[in-house]
């Protein structure tokens with residue numbers, strides 16, 4: 001499960017600065033859900049290839065209503081959802097009454113808390129941070145979020161237990177394995193017999209026997225539970241809302257037409273009598289973790305309410321995660337033709353940035369159109385895991401360049417040399433050439449659409465990266481021949497005479 005890191009502290013200690021640095025975004029609003037998480041921002045971050053979700057809580061100032069009230073209103077839920085809490089303080093301001101109140105609350109929580117002193121740039125950190133040990137939260141980690149100093153080492157230590165749980169090895173053991181694999185490859189030997197067996201499974205065979213994991217996501221009360229029950233079969237009356245943490249998604253195996261699936265249910269499958277509840281608890285963290293863990297994301301939209309900002313936020317997070325997408329518009333039955341046309345126009349206008357995703361109009365309650373969702377889920381998964389040879393990718397690239405030449409850059413034509421696969425799920429294509437990094441965004445979109453049409457890729461984003469062609473002679477001096485040496489001597493003699 002993707003770990004969750006919460007940033008907690010009073011106002012102006014640098015939480016948003018650290019959040020923006022971790023999410024590599026200036027506005028950092030990767031997922032902002034009005035009315036549900038009004039005072040919390042959710043983002044996606046990566047440190048040393050370790051993915052995690054970071055939550056920026058509202059500043060807690062105990063001067064007005066009391067520290068406990070503010071904590072309950074803004075940050076208590078974020079702390080409950082998190083695996084790690086980074087309690088941020090201002091090294092320049094020293095210990096405040098608000099810091100003491102927050103520390104008292106955090107000590108009562110069964111969470112791993114790291115005390116982080118920010119704004120230590122230009123200061124004697126040890127002197128200015130000494131007072132923070134009085135908060136009794138252990139070691140004080142010194143960082144400068146605005147410059148990034150100390151951030152990586154802090155996150156590496158905070159996420160180390162989750163890294164070990166994920167790989168079964170410590171970071172040191174993982175690094176040793178990487179070194180062994182590198183030298184084994186360099187010497188032309190294999191590290192383990194298992195590696196040989198893995199190499200035999202190439203292409204789509206590697207994924208053929210694996211179940212397709214798809215997550216059903218959407219705003220509260222759009223029909224996620226109804227759709228899940230419809231897919232599983234109405235006679236299946238099982239309570240999947242097990243006791244325990246509220247942010248754990250439920251993984252339900254499903255088989256249809258000899259294809260195995262795993263449904264990641266973020267709402268919980270409930271008994272029939274509870275399906276029609278008017279209020280459904282919506283956990284942002286649970287939804288974001290389900291997106292991270294899925295192969296395909298099925299976004300459910302309420303036809304009667306249209307596309308909301310929350311839907312767009314969920315789509316944005318899904319695209320950022322590189323997941324395949326299928327869109328289902330629920331509650332389509334009972335609408336008149338004029339209303340349906342208006343809804344379709346609105347969908348086309350607001351969802352233009354995901355025009356590669358299949359859109360289905362369904363009724364989860366009555367089952368109409370639900371069966372077609374499986375075809376699109378399979379199509380999206382196969383598109384995302386499709387193996388394409390270098391020769392095919394290069395040939396399509398050349399065809400695209402012939403149909404529409406790359407533009408001139410500083411008076412010179414951009415030259416595309418060759419293309420190869422850089423990864424899958426989602427497909428990543430690396431194009432090599434001269435001045436390719438100067439290509440305008442319009443031509444990049446043209447290449448993506450050309451590849452999508454040529455390879456019949458639907459339901460998954462395509463990422464194209466450009467690499468400049470290296471000059472093999474750059475930095476090297478040509479070795480002169482004897483004739484060239486004699487010619488240079490003659491020229492030098494004429495210069496001296498002159």
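Glycine is no exception: its Cβ is also placed from the backbone N, Cα and C atoms.
Quick look at what Swiss-Prot lists:
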- 3-166: domain 'EngA-type G 1' (DOMAIN)
- 9-16, 56-60, 118-121: GTP 1 binding site (BINDING)
- 212-385: domain 'EngA-type G 2' (DOMAIN)
- 218-225, 265-269, 330-333: GTP 2 binding site (BINDING)
- 386-470: domain 'KH-like' (DOMAIN)
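Overlay of Swiss-Prot feature records on the structure.
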residue: 9; record: GTP 1 binding site; DSSP class: coil
residue: 15; record: GTP 1 binding site; DSSP class: helix
residue: 57; record: GTP 1 binding site; DSSP class: strand
residue: 120; record: GTP 1 binding site; DSSP class: coil
residue: 218; record: GTP 2 binding site; DSSP class: coil
residue: 224; record: GTP 2 binding site; DSSP class: helix
residue: 266; record: GTP 2 binding site; DSSP class: coil
residue: 332; record: GTP 2 binding site; DSSP class: coil
Alpha-carbon distance [residue 266 (GTP 2 binding site); residue 57 (GTP 1 binding site)] in Å: 23
Position of peak Cβ density within 10 Å, selected from the binding-site residues 120, 221: 120
Pairwise Cα distance for residue 120 (GTP 1 binding site)/residue 221 (GTP 2 binding site) [Å, integer]: 47
Cβ-based isolation winner (fewest other Cβ atoms within 10 Å) among the binding-site residues 12, 57, 266: 12
Segment-level pLDDT (mean, integer) for the domain 'EngA-type G 2' (212-385): 81
Residue 9 (GTP 1 binding site): tally of other CB atoms within 10 A of its CB: 25
For residue 218 (GTP 2 binding site), nearby residues of its own chain (Cβ under 8 Å, 6 or more apart in sequence): 224, 299, 300, 301, 302, 311, 314
Nearest of the binding-site residues (221, 266, 332) to residue 12 (GTP 1 binding site) - Cα to Cα: 266
